[in-house]
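> Annotations for this protein, taken from TrEMBL, read as follows:
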{"type": "ACT_SITE", "residues": "A:170", "note": "active site"}
{"type": "DOMAIN", "residues": "A:2-161", "note": "domain '6-phosphogluconate dehydrogenase NADP-binding'"}
{"type": "DOMAIN", "residues": "A:164-282", "note": "domain '3-hydroxyisobutyrate dehydrogenase-like NAD-binding'"}
């Protein structure tokens, strides 16, 4: 199977490599063309523009960092819209708000193409290991045709109905994740300030009802003050913001998410946006430093 | 625990403090020799290695050590035989009742008391003895456990009229497995120790089902000697135990854990409600979560009933809110802002105001639904 791949960031690169390794023909594009080099070495072809990739491939996957990048790739000059047409499928796996997704879907289908949103749950390692959880919605026929690719990229995929549903599910999941990371950060701080061992706290957590892979994986590095970016904090904060907007639109009370979002904002203001989202721990910690501004 | 076997010669020897009934444990010459050791060397303990055991870790402070017991199933025949002393149990609520039952089933000699006497009947039917006050239970037992709902009852049962303190004395131990704040624990500890008895705070992580299944996690602190002696009993009721040093540390650890849990449940509630309001199937959300990095047993266990708006009580909401309140108090005492926990606490308070105190703490999801309150 041949696919186009737009966007070779933390996620896109790992996903494209995975497809190549499993025998897919892949044509890549990235805004910074140099990033395509490594993929070329692994057997990918390169498209000079998103339009060029669409022109070449029946199916194209996009993995961009936020709504504005996702829109840009579609609507800008040399973008997807210039070449999309009947018989071609566009699968946007970026995490965006439902409105952005709908906008893209409408434009694609107007030109005869078919569209699937398919944001993923999982960060760098699951992407490398093909263990993502794919939350697809939109054109069911396209979903069925993408299953071979999804089976390589992920451990499980869901078809969730109309465009917007995938985006919404992703935001809800990441909202909970962001709040959980804050709860863990507060717990680690409180343990430390109370004279307890933070590692012991992690050990206790791992034995009980609230044990989860994220705490187990991120906890030890957080204690060491190490935040290698698997999921950049600025993207987590973007997701919290979008989730809060979704709640806003529907008058849904979300005080925990709101409080968590504040911590992520603070972390960004401390310059931690490009670190892993677990770096919010530093923002929670700094709240008690006697010499903080 | 009673037979402290040694893997090889390089293992350090732990001192056994000579309490009256501890010598009864030691049937082997090695154990007897160990009991005689006068030097107190707390080096890195090494238990016999079996596939189920994990190595203990060094704690933060040098004066304490953290041990992790192997998992042992409750109901092991004859395990009560490792503790030939008499065990008291004060408080037979959601937690105390199954814990005491597990001790009985393991063959322990158990004497119970509960404020509402009728709650003791089931235990008496299973062979427990009964005494009409905490003081009388304590005086007739070697180690007495207390499992009360909150700081007030814990203090009352220990130090009130006919409280346990009146029956304690040298050679006896009091193990408070209630969840309270550090100050309460220290107060009870002082009164107990003033009688010459030993004290161990040992709040648990785990609710009704883990209590029934003997799968609790004990977060202990206080007299290390009592920890040693009580460990076979903890192993009957639980799957692992930690010793965290001085009184207050167990209480603090429990509060931190429950603070995280309370915040997680509140966030999960937001997610379920948001899904519902934007036209997504909350059951699918639960399934998606179970596949990913934030998959936790609590979500898969509680989620489905929350979606159906049923909240069978495993951990009463009022107790979760109590724990958050105490955690906020702890945080204030060390000047640590915890805004997410504070927001969660508010939600539990709202839930209480809706009359949901005795429901499971997962009922907090109802607090997110606005309700008009009629003015009095």
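Even glycines carry a Cβ here, placed using N, Cα and C.
Those TrEMBL annotations? Automatic predictions, nothing curated.
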> Treating G and I as helix alongside H, and B as strand alongside E, what does DSSP give for the domain '3-hydroxyisobutyrate dehydrogenase-like NAD-binding' (A:164-282) in helix, strand and coil?
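Helix (H, G, I), strand (E, B), coil: 88 helix, 2 strand, 29 coil.
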> Compile a sequence-ordered list of residues in the same chain as residue A:170 (active site), six or more apart from it, whose Cβ lies below 8 A from its Cβ; state 'none' when nothing qualifies.
A:95, A:119, A:120, A:121, A:135, A:239
> Considering every residue in the domain '6-phosphogluconate dehydrogenase NADP-binding' (A:2-161), what is the mean pLDDT value?
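Overall, the domain '6-phosphogluconate dehydrogenase NADP-binding' (A:2-161) comes to a mean pLDDT of 97.
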